[in-house]
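Take a look at the structure set out below.
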Amino acid sequence: MTCVKKFIPLILVVSSAFSVCHGKVTAQNMSVGDKARWVGNFVGIDQPPIGAAMYDAGAHLVSKVGAQAAGIILGGMMQGTKDPTAGRVADVVLDHLSDAYNKSGVGKWNRTMLRDHQSQLGGLILSKMDFVGTIHDITRLGGARMLMPLTKDSKVNKDCYEDAMDVLDAVNEMQRSDLAWARVMFDATGKIPSGVLRGHTTSLGSYDSCLAIHGRIPRNIVIGALNKTASRYPREFDTKYCRATMALDPSVLGGLDTHGIHPLLTLGMCLPDSCKAEDVEGILKLGFLGRVMGSSADSTDVYCPEERSIGDDTPALAAVIILSFFGFLVLCGTVYEFRQEIKKSAQMKPKSESDHYDVIGKSQSENKYTSVNKAYVHDEPKTNGDISPQNGDISKQNGGGVIQNGNTNVELPAGYMHHKEDNQFNPSAIPNGNNAETDTNKFITVNIKPHPSTEATPNKTRDSTLGAILKSFSIITNAPKLLSGKSGPGAITCLHGIRFFSITWIILGHTYNYGLVTNPGVMTTINFVDAVPMTQRFTYQAVVGAGYAVDTFYMISGMLLAFIQLKQMAKLKKDPEPGKIGYYVFYYYFHRFWRLTPMYMMILMIYTCLTTYLGDGPMWPKQIESAQNCRESWWTNLLYVNNLVLVNKQCMAWSWFLANDMQFYVVSIVLLFFLTVNIKLGSCFVFLLMTAGIVSAGVKEHTYNGSFFTMKSDGGAFWNNVYITPWCRVAAFCVGLFLGIIFYKKPKAYLSRVKTFIGWSMAISIGFTLVYCTYSENKENGETWSREFRAVYESVGRPLWAACVAWVIAACHYGRGGIVNSILSWSGLVPLSRMSYAAYLVHPMMMMIYVFSKRNLVYLADFDVIYLFLGHTVMTFMTSFVASLAFEAPFMALEKIIVGGRK
C-alpha cells in the first residue's frame, strides 16, 4: 500500500506539470524516450517504460477530466501517508484501477499487479479507467469539506464557505431531481478550454445562465457524506458570476512574442451570492487546492460584479441630470420651432371663405362668375395704382390688358380666382375663347400684379433672445443642416471625402485595439496566437499605418487655418485699429475653444461617469483604466494639455490628438502675424518650425526606438515621449500651413498635364511606400530596423505623408482630381464629414462597450474583423449623429447669438 501511495503522487506531479507548466507539449509527437526523460526531470525516474507510462497516464487523465480537475482530485493524495484522508482517496483510486485493469484483459487484478506491471500502467490500465466515476467516488468520501477544510487562518466568510461547499457536494449529486439547479451551476462555470496553445486561455462559462439560478439545499438531505440537519437548512440562495484571472508564463504560448501583452488564464465561476471576491480568493487557498495552486493562488485576481445603483453614485447622477437638461432643451427647442412653423403656415392660408371672397358684379342668378379672390386683388386707390406715361413709365397693350408700372389691368370674368402657379396673368386663358361670345356685362376690371409673390406671405418677426436660444437646440433646424449634402460657397469639396476616409481608417486601426487587447482582466480573443501571423502579412501594414490618418487631419487643420485666417488678417491689416485687433485675437481663440470643447466635455463626462452602467457581461472589466483616470486628470483635457501633463494617467487616451491640434492653433497666431506682414518672412518661420519638428521627432525616436508594436511593452516610453508630443507631430501641420498659403496666394491655378502626372505619381508612390515599407520588419523573420533608420522613418514619414495628401487636395481644387475628386466630393459624404469630429470622440467607447458586453470571445480572422469594423463604423456614425445634434450643432448656433453678426 505504501508503494501504491508513493506511486500515485508521481502521476499527479506529471499530470499537473503536463497540464499547467508544459501545456505546449503534445504527447502524440513524442517518443517513449522523450516522454521518460520529460517525466524524469520532475520525479527522478530513470526507467523509460515507467516514465513513458506515467506520461501517458497523466495525459490521459487530463484528456478525460481536464487539467483543472486532474490537479484538484489527485492533489489530495499528496498530503502524506500518515493522513487517513489520503489513504481513503488512494483506496478509491485503486478500486477503479482494478476495474480498469480487469477490462484491459491482462489478467485478474491484485494489489501486486501495480508493482509487477508498472510499465503497462498508462497503456493497459488508465486507458480503461473511468475517471469521472473516480472523481465522483472520491468526493463522496467526505465531501468538499474534507478536501478543503476551513481553518482559523482562512480568510473566508462563514456563510460563503458553507454555501460553496454545499454547492460542490450538490454538483456531485446533480443527477438528483431536487438538485437540478446544481447541474445548471456546474454547466455555467467555465472549464479549461481546448485550444490553449492558440491563445484560448479564457473560459467564461455562461454569464446569463448563472445569474438566473436559484439554489436550494433541503433539510435532512445527505450530500458530501453529511446529513444536512443544522438550523441553517433548508438553505436558499441566489447566484452570482465571478471571474478568476491569473497570469500565465508566455512560454505556454510557445515562446510567442506577444509585444508586451501578457497572457492570462481566466475562468468564469458560478457561485452562491453570499460570496464576495475576497472570499473566493480565500477558498482558492484552502486544503489541497491551495497546495496545488501554490503561489498562483496569491496572484489570482477575482472579480465579482455587484449590482450597481446609479442613485448611489453622485458623479453618475449628476451626469444623468445634465444629460436630461440637454434633452429637455432639445425637446423645448423642437416644440418651439414646430409651433412657429404652424403659425407661419396659418398666415399663408385663408382664414375663412367669407374673409377672402366678395361678390362683385352682377348677381349669381345673372352671372356664374360671382366672386374674386381678394387676396390677389390690388385694392389701392386707382390714382396710386395707375401711373401715367408722363411719369416715365412705359405703357403697352398686351393681350387685351394694359401693363402699367409692372401691373396688368385686365378685364376678368366676375368671380375669376387667380392661381398660385400663374407666374404672369395670360388674358388668353380667360374662359370663353374663340367659340364663345364675350359679354362685357359679365366682366370687371381688376388690377393684378404679375409677380409670382402674389401669394400672401407671413410677417417675418425676429425671434427673441430666448426663442433664438431654444431654436439652437431644435431638431427641426439642426438635423437638416447636419444631413444636408450641400457644401458652403467656396468650399474645397474634396475635404469631405478625405475627412470621412481618414476617420474610417482610424476606426479600422482601433478595431484591432480597443476592446480586443485593452481589457486588463480578460483575454477577449479565442485565438490570440493567430494575431501575430496576421500582423506579419503585407496587407496588414495598412492597419499598422492607420496613424497617418491623424497626420492627415493635422495637415487639413493647418491648411484651413492659413487659408481662412490670412484673408481675415489681410482685412485687419487695412484698418489696424487696436479695438479690432483685440477683438480679432479674442474671437480667434474663443471660436476654436467653443467649437471643440462643449461636445468634448460632454463625451468625457459620459465616458467617466456612465460607461460602467452602459453594459455588463462576463468580460466587463473591473474598471476601465482610461475612464478611471478621468476622475483625477479631467482638467488636463479641458485645458488641452493631456498630452504633456499626467500622461501616465491619461483620460480618454485617444484625445491626445485634440490637445496637439489646439496647441498648434494657439501658437499659429504668431505665424499668421508674420505671414500677414510679409508672406516670405512668415513662410520662413513656418519652414523653421517644420524643420524643428522633424529634428525633434528624429532625436526622440532614436532615443526610445519605439513603434506601433512596442507601445505595450516599453512602459509607455514611445507613446508618452514620441507619439503624442506636439514637437514630434507639428511637421504635418506645417505642411498644411504651406498649402493654405498657396491657396491664399493662388485661389486659381493651372496645372499642366506634365505637372499633374508627376504630382500624382509621386504622391501615390511615396504614400504607398510609407504605409507598406514596415513589411520588411514585421514579416516573418523580417530584419529589425536600426535606430537610425527608424528615426528617419518616424521624423520624415509624417510630413511626407501630409505632403502626399496635400497634393491630392491641390489637384482636386485646381481641377486635376478627375475621378478621385468626384469620389471625394460626392455629396453623400458631406454629412458624414460633418460628423467626423464626433465620430473620433465616441468610436473607442462604442468598441469597448460592444466587446466588453459580449457573452463569447472574439475570433480573429479577416472576415470577422472586417464585419466588426463595419459594425463599429455604422454604430459610431449613428451615435455621432445624436451627439452632434445634441451637443455640437446647438453650441455652433449659440456662438452666433453670443457674438452676433460680428466675427
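Glycine too: its Cβ is placed from the backbone N, Cα and C atoms.
Taken from TrEMBL, the feature signal peptide applies to 1-23. Residues or ranges marked as domain 'Nose resistant-to-fluoxetine protein N-terminal' by TrEMBL: 157-306. If you look up TrEMBL, you'll see 316-338, 538-564, 593-614, 653-674, 681-699, 724-744, 756-775, 835-853, 865-887 marked as transmembrane segment. According to TrEMBL, the feature region 'Disordered' maps to 379-398.
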Q) When you scan the chain for residues with a C-beta under 8 Å from the transmembrane segment (653-674), skipping those not six or more beyond its ends, what do you find? A) 510, 550, 553-554, 557-558, 561-562, 565-566, 569, 585, 588-589, 592-593, 596, 600, 604, 626, 637, 640-644, 681-682, 685-686, 689, 724, 726, 729-730, 733, 737, 840-841, 844
Q: Mind looking up the mean pLDDT for the domain 'Nose resistant-to-fluoxetine protein N-terminal' (157-306) in the predicted model?
A: 88
Q: Could you give the residue numbers and ranges of same-chain residues that sit at least 6 residues beyond the transmembrane segment (865-887) on either side and whose C-beta is under 8 angstroms from one of its C-beta atoms?
A: 326-327, 330, 473, 475, 478-479, 482, 504, 507-508, 511-512, 598-599, 602-603, 832, 834-839, 841-843, 846-847, 850, 858
Q. Taking residues 6+ outside the transmembrane segment (538-564), which of them lie with a CB under 8 Å of any CB in it?
A. 495, 498-499, 502-503, 505-506, 508-510, 512, 657, 660-661, 664-665, 668, 672, 675, 708, 723, 729, 732-741, 743-744, 770-775, 778-779, 797-799, 801-802, 805-806, 809
Q: Six or more residues out from either end of the transmembrane segment (835-853), which same-chain residues have a Cβ under 8 Å from its Cβ atoms?
A: 482, 499-500, 502-503, 506-507, 510-511, 514-516, 518-519, 524, 596, 599-600, 603, 606-607, 611, 614-617, 619-621, 624, 652, 654-655, 657, 871-872, 875-877, 879-881, 883-884, 887-888
(Q) Can you tell me which parts of the same chain pack against the transmembrane segment (724-744), counting only residues 6+ beyond its ends and a CB-CB cutoff under 8 A? (A) 492, 550-552, 554-564, 566-567, 643-644, 647, 656, 659-660, 663-664, 668, 671, 675, 679, 682-683, 686-687, 689-690, 692-694, 696-697, 700-701, 794-795, 798-799, 801-803, 806, 809-810, 813
Q) Taking residues 6+ outside the transmembrane segment (593-614), which of them lie with a CB under 8 Å of any CB in it? A) 308, 310, 313, 315-316, 318-320, 322-323, 326, 623-624, 626-627, 630-631, 634, 637-638, 651-652, 655, 658, 662, 837-838, 841-842, 845, 848-849, 883-884, 886-888, 891-892, 895
Q) So how many of the residues in the domain 'Nose resistant-to-fluoxetine protein N-terminal' (157-306) end up helix, strand or coil by DSSP? A) 57 helix, 35 strand, 58 coil
